[in-house]
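Below you'll find the structure, written out as structure tokens, and then a few comments.
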Amino acid sequence: MPNRDYHAERREYGFAALRRADLQTDPFHQFSDWMETALEKTQQDATAMSVSTVSADGQPHSRIVLLKTFNSDGFIFYTHYDSDKGQQIDQNAKAALLFFWPELDRQIRIEGSLQKVPRETSEAYFHSRPKDSQLAASISNQSQPVASRDILEAKLQEAMSLPDRNLTCPAHWGGYQLKPCYFEFWQGRPSRLHDRFRYQRLSKNDQAWQITRLNP
């Protein structure tokens, strides 16, 4: 294995500053502001986020998924409930999201607990997807070994021959909603003196969010 270092791979961050006076008092509103900017300014996949879960042995696991809905109740994504991800969530509902937009020198960390969305919500979203995406969700045993891609392609072709009326949302597929207890907004700044602000509730019954500037 060749030895590589990337010490010289660096750049200065200078897109914008983030001051306390700039922040919304509600982190959901602050998230909305930054997401709208990302959708306008970034090239693609502004809604992509890292979802981190923890397995029973304490091992963290991360993967990229797409945010599909967010509101004052939380952040929703869809997946296979029997996948490694789904099994980890069954064992430990605590999870973390991470959004990163390099064009804006921004990232957002969000922590909280996951729960399944109502079945009708999953079904409504499933039927809004393109047919090939619906079929892929139906035939995939996500995270399980498969001998070759040819097997997957054959299963997809077989499924495509079925009448559309037979296409239903699989019981093993649906949405999760993360209910946040923690937000952190990070804005890259020159000389690595980044701006970081944390939103945190002091207790479960506290509706207000405490905002704190953090050292970079």
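A Cβ is built for glycine as well, from the same backbone N, Cα and C atoms used for every other residue.
From a predicted model like this one, the values you see are computed outputs, not experimental measurements.
Over in Swiss-Prot, the protein carries these features:
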type: BINDING; residues: ARG10, ARG11, GLU12, TYR13, LYS68, TYR125, ARG129, SER133, ARG192, LEU193, HIS194; note: substrate binding site
type: BINDING; residues: ARG63, ILE64, VAL65, LEU66, LEU67, LYS68, TYR78, THR79, LYS85, GLN107, GLN142, SER143, TRP186, ARG196; note: FMN binding site
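Everything Swiss-Prot records as a feature, shown here on the structure.
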| residue | record | DSSP (3 states) |
| --- | --- | --- |
| ARG63 | FMN binding site | strand |
| LYS68 | substrate binding site | coil |
| LYS85 | FMN binding site | helix |
| ARG129 | substrate binding site | coil |
| GLN142 | FMN binding site | coil |
| TRP186 | FMN binding site | strand |
| ARG192 | substrate binding site | helix |
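Over all protein chains present, the Cβ of ARG192 (substrate binding site) has 10 other Cβ atoms lying within 10 Å. Reported as a whole number, the C-alpha separation between LYS68 (substrate binding site) and TRP186 (FMN binding site) equals 22 Å. The binding-site residues considered are ARG10, ARG63, LYS85, ARG129; of these, ARG10 has the fewest other C-beta atoms within 10 angstroms of its C-beta. Spanning the residues ARG10, ARG11, GLU12, TYR13, LYS68, TYR125, ARG129, SER133, ARG192, LEU193, HIS194 that the record associates with binding substrate, the maximal Cα-Cα distance equals 43 Å. Cβ packing within 10 Å was compared across the binding-site residues LYS68, HIS194, and the lowest neighbour count falls to LYS68. Within the set of binding-site residues ARG63, LEU67, TRP186, the entry lying nearest in space to ARG129 (substrate binding site) is LEU67 (CA atoms). According to DSSP, TYR78 (FMN binding site) is assigned to a strand segment. With a cut-off of 8 Å between CB atoms and residues at least 6 apart in sequence, the same chain places ALA48, MET49, VAL51, PHE77, THR79 near VAL65 (FMN binding site), listed in sequence order.
When the binding-site residues ARG63, TYR78, GLN142 are compared by Cα distance to ARG192 (substrate binding site), the shortest distance belongs to ARG63. Considering only the residues assigned to FMN binding, ARG63, ILE64, VAL65, LEU66, LEU67, LYS68, TYR78, THR79, LYS85, GLN107, GLN142, SER143, TRP186, ARG196, the longest pairwise Cα distance works out to 36 Å.
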